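Over in TrEMBL, the protein carries these features:
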type: TRANSMEM; residues: A:6-27; note: transmembrane segment
type: TRANSMEM; residues: A:39-66; note: transmembrane segment
type: TRANSMEM; residues: A:72-98; note: transmembrane segment
type: TRANSMEM; residues: A:110-127; note: transmembrane segment
type: DOMAIN; residues: A:141-208; note: domain 'Golgi pH regulator conserved'
type: TRANSMEM; residues: A:147-168; note: transmembrane segment
type: DOMAIN; residues: A:289-457; note: domain 'Abscisic acid G-protein coupled receptor-like'
type: TRANSMEM; residues: A:300-322; note: transmembrane segment
type: TRANSMEM; residues: A:354-378; note: transmembrane segment
type: TRANSMEM; residues: A:390-414; note: transmembrane segment
type: TRANSMEM; residues: A:434-455; note: transmembrane segment
Amino acid sequence: MSLLIDTIILIISEIVFFIGGYVFFVRQLSENYGVRNQIVILSFAVTFALSCMMFELIIFEILAVLELTSRYLHWLVGLYSMLFLLVFLIPFYIAYLLLNTIKIVRDFRLVLFFTLIAWCFYLYTFWKLGNPFPISNRHEFFSIEQCVSRVGIIGVTAMAILSGFGAVNCPYTYMTYFIKAVSDKDISDAQKRLKQVMEIVALKKKRIVTIEHENSLRAMASSFNSNNPWNYFRRTWNTCLTLQLTNQITSSYSNISLIKQDILTYEEIYSQLYNDFVDLQNIQQRIEYSKTFKGKYFHVLGHFFSLYCIWKIFISFINIIFNRVGKVDPVTKGIDLTIHYFNFEFDVQFYSQYISFILIGIIVVTSIRGLLITLTKFFYFISSSRSSNVIFLCLAQLMGMYFISSVLLIRMNMPAQYRQIISQGFGDLQFNFYHRWFDCIFLLSALFSIGILYLHYRSSQQSISLYDKNFEKIYA
Amino acid sequence: MGTNGDIPTLIVLVLGDSSVGKTSFVHTVCHDQPLSSPPPVTVGCHIEIKLYERRDRHQNPNLFFIEFHDVGGSIQHKNSRSSMFYDEFHGIILVSDLTSRQSYDNLKEWLYEVIRYRSRQKLPTEFTPEVLQNFDIPLLLVHTKFNESNGTSLLNNSKSSNMTNNHSFSSSSLLPNYNRKTTLANFLNCDEIFIDCYSNKRFSIDTPNVAKLNSFFEKMIKKASVEPVEQLPQFDWFASENHYIH
């Protein structure tokens, strides 16, 4: 009986999450790109709903809300269906869509056949992917641990890359507009520069068009003259004329190619300058936004968040060097510290439950929100109207793997008595390995993004100096 | 009009959603042959020049530079577009994609963006027909990718909507297809061109489209010039590439 009630509660929350995912997808992502394929939208929303259900079950575990057995049962059901989606259904549909757009074969059954072949190939690589890693102690095939372990590897890698990039990008953007104040004069200067480059390009193109026009006029004039074949003197005079004409035409062609090369240089300078101009305007808008009340709040939050990012990079560095993998979660550690140093007496059990609930809740909500925002930005960056279906499915797959691996890693942050559901549900995995792997990839990705940001900064400086150099050449 | 030496310049803004084919269209018009492959996404503004020749009453050729400002349509650059490109122009070409209904619906928004910037007042964010009353800049609608779609799907909706339109065609009209207009063209009272920018036909022999483009240029010249230009008789069925006035 209680099982039935629990099931009903969970199904209601499932439906709420499903509707939330559906609405998010339709409003944010596909507003301008017109995705009509219902299967894509459905798989995205179902993946989102299942991930949220897993997080919800963790929170219920901490709060001890539902029956133990029913929680465990729903956990297994959610996990199996999620794995089915991620490993079987979505890759199959991706392969099908890709083969459809390539349009090699028209016949529907042949396309399905090729899709099956591609999908078996994908399963094979998926399998082989997990072999070099020391993941699990069992050596059976086709067990849940094998699937989860491999999905976990991919998800943890994705998570670490995204976190690394975010951890570097966040302090950098905050620093640039802490330090650099963009005034109206900067923006109008940038505008003037852009307009000048545009005028130069327009001038050169007009020159080319004029030269071509004159050439065609001369060619027409010369064709009139060469229709008198019987006058020898006139013929030699005409040959001289045509020789002169060809010389003029060839010299003007080399002029034209020189001018065209110049135009290419200027167009490159122009696009770089334009990107900088867009950045400047964004910074100015953000400064204006920060003067409002909500903006001030985010401004202060930004300080703390930047400090947190820097601390995180530092800690992962220390972890790798000193080969340290924590066994105790931060909540229990914090409580121990307060008991030792401040000599407070309070009920450890009671408070640890609520504190860890709050902590896990915050982590869950921020990671979902952060992932959705990153997905949206990433999608706008790489989208094109042709292949948006495939991109959406890849995003759904990435999201599913990300959420499974964040459940894996969240186990670290929970006190030991609440870890049971994850350990039992996922089977026998080497969780410590995942944390080590996350630290490695996180550090690598942070270093890589530092390098990229530095190159970006250098190139924008270079384009301004290039502009100045060329500008003086014109007017010198 | 700006002058370069002694040839005056007219500026045309080419607006439309991202990837509808603005750059391809401008290239086809200026160079008379299609691009070899679809160009990359336009960042900022791409400029192309066309030399337009018209002959006045004494058979003296009158040359004009038509400068096409092909503005990139991506959404991230929405805020920076206005102050950069909408300051000076003599005509607007609105481009939409026949395979995407969304791009046709967004044309009004593009026009409205320009009007809002130019009028410098606080206009409401919804598009209303009254704002067009003071707007008399020549317009032209271009619908690209004509071959990939069943091109007349937009025309079938010309019965709908609550906009005032002055067409008397019903769906059972016996007039040939190219005289029917979409709702937006009737609403804005302007011409429109259906074109496939990658076909192998040269643009200059595509006579009906060339005639519409030339009448658009004439409208711009008439509006922009200081001294009054004599009225050119608009004979659609006598169209040729250059207008000869006797």
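Glycine is no exception: its Cβ is also placed from the backbone N, Cα and C atoms.
Distant neighbours of the transmembrane segment (A:300-322): 163, 166-168, 170-171, 174-175, 436, 439-440, 442-443, 446; these residues of the same chain sit at least 6 beyond its ends, with a Cβ under 8 Å from one of its Cβ atoms. Residues 79, 83, 86-87, 126-127, 129-130, 133, 135-136, 309-310, 312-313, 370-371, 374, 398, 401-406, 408-409, 426-427, 429, 434, 437-446, 448-450, 453 of the same chain sit 6 or more residues outside the transmembrane segment (A:147-168) yet have a Cβ under 8 Å from a Cβ within it. Per-residue pLDDT, averaged along the domain 'Abscisic acid G-protein coupled receptor-like' (A:289-457), amounts to 73 for this model. Beyond its flanks by at least six residues, the transmembrane segment (A:6-27) meets 41, 44-49, 52-53, 56, 66-67, 70-71, 74, 372, 392 of its own chain at Cβ-Cβ distances under 8 Å.
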